[in-house]
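Structure, as structure tokens:
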There are 2 protein chains.
Amino acid sequence: MEPNNNNNMQPDSCLEITPMEVHKVVPPPHRSTIQKLKSRLKETFFPDDPLLQFKRQPLGKKWILAAQYVFPILQWGPNYSFKLFKSDIVSGLTIASLAIPQGISYAKLASLPPIVGLYSSFVPPLVYAVLGSSRDLAVGPVSIASLILGSMLRQEVSPINDPLLFLQLAFSSTFFAGLFQASLGLLRLGFIIDFLSKAILIGFMAGAAVIVSLQQLKSLLGITHFTKQMGLVPVLSSAFHNINEWSWQTILMGFCFLVFLLLARHVSMRKPKLFWVSAGAPLVSVILSTILVFAFKAQHHGISVIGKLQEGLNPPSWNMLHFHGSNLGLVIKTGLVTGIISLTEGIAVGRTFAALKNYQVDGNKEMMAIGLMNVIGSATSCYVTTGAFSRSAVNHNAGAKTAVSNVVMSVTVMVTLLFLMPLFQYTPNVVLGAIIVTAVIGLIDLPAACQIWKIDKFDFVVMLCAFFGVIFISVQDGLAIAVAISIFKILLQVTRPKTLILGNIPGTDIFRNLHHYKDATRIPGFLILSIESPINFANTTYLKERILRWINEYETEEDIKKQSSIHFLILDLSAVSAIDTSGVSLFKDLKKAVENKGSVEASAWHLNCLFFFNCLAF
Amino acid sequence: MEPNNNNNMQPDSCLEITPMEVHKVVPPPHRSTIQKLKSRLKETFFPDDPLLQFKRQPLGKKWILAAQYVFPILQWGPNYSFKLFKSDIVSGLTIASLAIPQGISYAKLASLPPIVGLYSSFVPPLVYAVLGSSRDLAVGPVSIASLILGSMLRQEVSPINDPLLFLQLAFSSTFFAGLFQASLGLLRLGFIIDFLSKAILIGFMAGAAVIVSLQQLKSLLGITHFTKQMGLVPVLSSAFHNINEWSWQTILMGFCFLVFLLLARHVSMRKPKLFWVSAGAPLVSVILSTILVFAFKAQHHGISVIGKLQEGLNPPSWNMLHFHGSNLGLVIKTGLVTGIISLTEGIAVGRTFAALKNYQVDGNKEMMAIGLMNVIGSATSCYVTTGAFSRSAVNHNAGAKTAVSNVVMSVTVMVTLLFLMPLFQYTPNVVLGAIIVTAVIGLIDLPAACQIWKIDKFDFVVMLCAFFGVIFISVQDGLAIAVAISIFKILLQVTRPKTLILGNIPGTDIFRNLHHYKDATRIPGFLILSIESPINFANTTYLKERILRWINEYETEEDIKKQSSIHFLILDLSAVSAIDTSGVSLFKDLKKAVENKGSVEASAWHLNCLFFFNCLAF
């Protein structure tokens, strides 16, 4: 049976168990293998049919549509008005005030020089404004991708002993991340990110938030000799084995700013209109703490500061990319993992806000936009960037209308890079730590976790695996374990499909699961089973064993046998959407096994795939 | 929704689209999470319910049943009669005449000393007779497992330069193969071998047969300097680059015996009653060729012979097993691959003949038997053994009644080992090559390949991948590629489930695929879609996009819109057997998207999972 023929087994109706003269359905029209393959490929790779809009259009219009497809800016650009710009400039400045301190913080999280975080908030938003189709995405470095990039590269190269090589590897990883993202979009393989289910993401993000927060103990406690490992256990033991290094000035300052930032966050969460409170708080903290340090010369009293930062725009970095050598494997692996993680975040954020404002975001197109943004970024001293969830939410709340808000942010960052860098010299690291902790706390979504517990216990287990895997093993292994369990669950559903015994509900034509419906009754002499999955090589053996056991059980249950011995086995295949070669031989084997049974009374064999109720009579 | 709740969405009937007063189905009785988990685990790991027979039995009887469960010999042994023995001795001697030349040949295929092949035909059959539940399985070394064992170990260790280490690694691999097989059975994870679908096996076996036959060019052509690689290209180029080494005497002898053996095979295939012709032919060839060589002193004229073989029974080899050291990884990997391949062959053979004779073979029990047999074998100088397809067929045709035929074979091999070894000194290698070629030709199953082409084109592609992968890349990679493609197909079915548009067949209550049934018609204002797979994280995004595209297409098709704009979207979930957390949010998202649509006329939302037709009204 070929994939498309199986539609024969459509849920067409139970009427066919009443006499068959009622209506005979003609077989479907013949389709050639090529036709089937074509429609199958279209369904697989072009579910959204991106070419639909090109139909029945003159050639000139087609070119314009194609250009608009590749560069969405051509779509909204011509209608851009001053009114929209007013909204965009407010939101752009708001996210810039968030992007500057976060950029510096996240770069430190990735063990990169702080200025790379600002570089990454300058070029990629400009690229995205031209290519991206989301109106709310605020582009820049994000916490989880920074964490993973840093931790994966640190396993092989030390950012302290060999900072230049580390930087080169970071840019190369960014290049491969972008290449991978763009290829996923171009090859329309976007469904790969679907394998990161909601449950996995919730567990993973919460775990990552814990890991990121723990890393901040270094700056929050003012420890100088801190472990390079990421796990819960080594980090905590490192923090408490170095109590002598704790600096009370740092702890005091950190505590104050953390409380301030969390309060600001709390206010904005309660009243979304006051979004600017939490949006402005990081910048205010940075300014305030810098002034404090400068005024009290606190850098000489145990408070570590960022130090001198270079002025000027992004230097080119294409000559720093590694395409060969011993670190190529590491770079590709890091690019793949950070690429997929940042893509997942970017696409999810884009879709969330698109749904809120009722416009469409084409997943494959977004992947190409984010991918190209990272490829270009890797050549201009930027590391992995994507649409950040927290900043996009602020952007949305601040009233962003188009991607111009990204351009405004980018220009603000440019001004900072050109003229304001010396001001950050006295910014204490402890404040950056507090900013990161406040940002990642939002990644822990307890209500969603409760919801998952209520709906599906297995998904909850997957979520816990992701969470504990990230905390106790490593970020990428935790993720891999959770994905493996999820795929295993899908495979298990297929290898061990449910078979149900159905009974008639008296007075109706309805057949229901006997074990769930107390008023459903067996029809004497009939065994009615429902199979609930495609029948294929992975489950034929199981199905055969299970069906034979149903027959054995029927024969051993005394009270049923009293009524009548088994005469008919009816298989309801309405939930079977496909049958492969092995599946076909299941029916042959089953026929043989059933014919060999002692209780066989008649050995006629009717298997008619045209019917929803398929009869194996014996 | 939890797995078992989804039965609510059973194919209960289309009656529910007629007024709902007809019959209201009560919700199923509540079951606790523990109960659900328990029944789920039972369905997953004990589909055949092996404890069923223990129910309602007295304690003493239970012990006997348990002993019989572990040692099936206790089940049939007490009723064993002289009449059965007469059948078994005939079949046992027949398979022994096949096992001795094949044992020697297969050991050479695995680059092991020929005598190891005979050792492996002595101990394992005895173990299997006690533990195994198949009555027809003829146990011993088999071609494919020998090929893989040899080729995997040769990649790291040379059997010529370091024969002792090679032997140790072979025994250690056998130990791990057995351990792996027994654990699969014990943990009831037998379904892992189900992932080798029929299509994969046909392609794989044909490829392996080609590879094995090509390897025989060395002995058939009398070449001394032959490549150590396995692929088609290097072997053929090696054969033709060494034309100067070809020996016409060897070629002539090989050709004659090959024709003789193929003729004998042909006769037996035409008339199954003449099974003894092909069964006896290898031994006849060995005896004849040995006499010829001895008579003409042909070993001095370019015909290579086996040479002196040691007399005596299996020496112990448990002190040769490697459990640590640099080769442990190789040994475990080899054990895993050969273990799973030989298990697949053994189980398939057992099931085939059990079905012919109408008795049951318990897959998990067989795995334990085969596994223990290999573990014991590895301690007594045997390499990987299993139930061989060709010898089992001969065993069956020769009238074997019980596993005693294996004992008879084993005793015959023992006599050979003790007294007849010097006779093999002059046996020419070319005859062993001819025996192997004749044996593996049966593995190429062209009719089955044609059958697969007819039934399922995708399975055919998988088969070709396995075949060409084995021929051009390597045996284990070809297998891995084919398994990966098969799993990818399952995942694709789940990530890209079919959605069908249904229409009413006039004059009936039947709803069918509009694109397949020309007489099916749309109901104005209704869009009826059927989803054909569990809804889970891997396909929610796709389903959402695809359903929205169905709505768009409905709205853009002029001739449909003329009748009525879209009012209702009906989703038929009868083929949806499970919904996970992400699946639940699909419905929420869909509701939001549908509500936001311009053509919304009413925004009531009814989603009632109790019903087969789930209405999203808008």
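One-based numbering along the chain as shown.
Each Cβ is built from the backbone N, Cα and C atoms, and glycine gets one as well.
These features come from TrEMBL:
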type	residues	note
TRANSMEM	A:112-130	transmembrane segment
TRANSMEM	A:165-187	transmembrane segment
TRANSMEM	A:199-217	transmembrane segment
TRANSMEM	A:246-263	transmembrane segment
TRANSMEM	A:275-296	transmembrane segment
TRANSMEM	A:367-390	transmembrane segment
TRANSMEM	A:402-424	transmembrane segment
TRANSMEM	A:430-448	transmembrane segment
TRANSMEM	A:460-488	transmembrane segment
DOMAIN	A:516-598	domain 'STAS'
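Simply put, out of A:199-217, A:246-263, A:275-296, A:430-448, A:460-488, A:275-296 has the most Cβ pairs sitting under 8 Å from the transmembrane segment (A:402-424). Contacts between the transmembrane segment (A:367-390) and the transmembrane segment (A:112-130): present, as 3 or more C-beta pairs lie under 8 angstroms, all at sequence separation of six or more. Of the recorded ranges A:275-296, A:430-448, A:460-488, the transmembrane segment (A:246-263) has the largest number of C-beta contacts under 8 angstroms with A:430-448. Note on the domain 'STAS' (A:516-598): its mean pLDDT in the predicted model is 77. Counting Cβ pairs under 8 Å to the transmembrane segment (A:165-187), the top-ranked stretch among A:112-130, A:199-217, A:275-296, A:430-448 is A:112-130. Per DSSP, the domain 'STAS' (A:516-598) is made up of 39 helix, 14 strand, 30 coil. As a quick check, the transmembrane segment (A:275-296) and the transmembrane segment (A:199-217) miss the bar of 3 or more Cβ pairs under 8 A, pairs 6 or more apart, so the two do not touch. Scored on C-beta pairs under 8 angstroms, the neighbour of the transmembrane segment (A:460-488) with the top count among A:112-130, A:199-217, A:430-448 is A:199-217. Same-chain residues lying 6 or more positions outside the transmembrane segment (A:199-217) and placing a CB less than 8 Å from one of its CB atoms are 109, 143-144, 147, 223, 226, 230-232, 235-236, 239, 344, 348, 433-434, 436-437, 440-441, 443-445, 448-449, 452, 456, 459-460, 462-471, 475, 478-479, 482-483, 486. For the transmembrane segment (A:430-448), same-chain residues at least 6 beyond its ends with a Cβ under 8 Å from one of its own Cβ atoms are 101-102, 104-106, 108-109, 143-144, 198, 202, 205-206, 208-210, 212-213, 216, 218-220, 222, 250, 253-254, 257-258, 261-262, 265, 281-282, 285-286, 289, 303-304, 306, 389-390.
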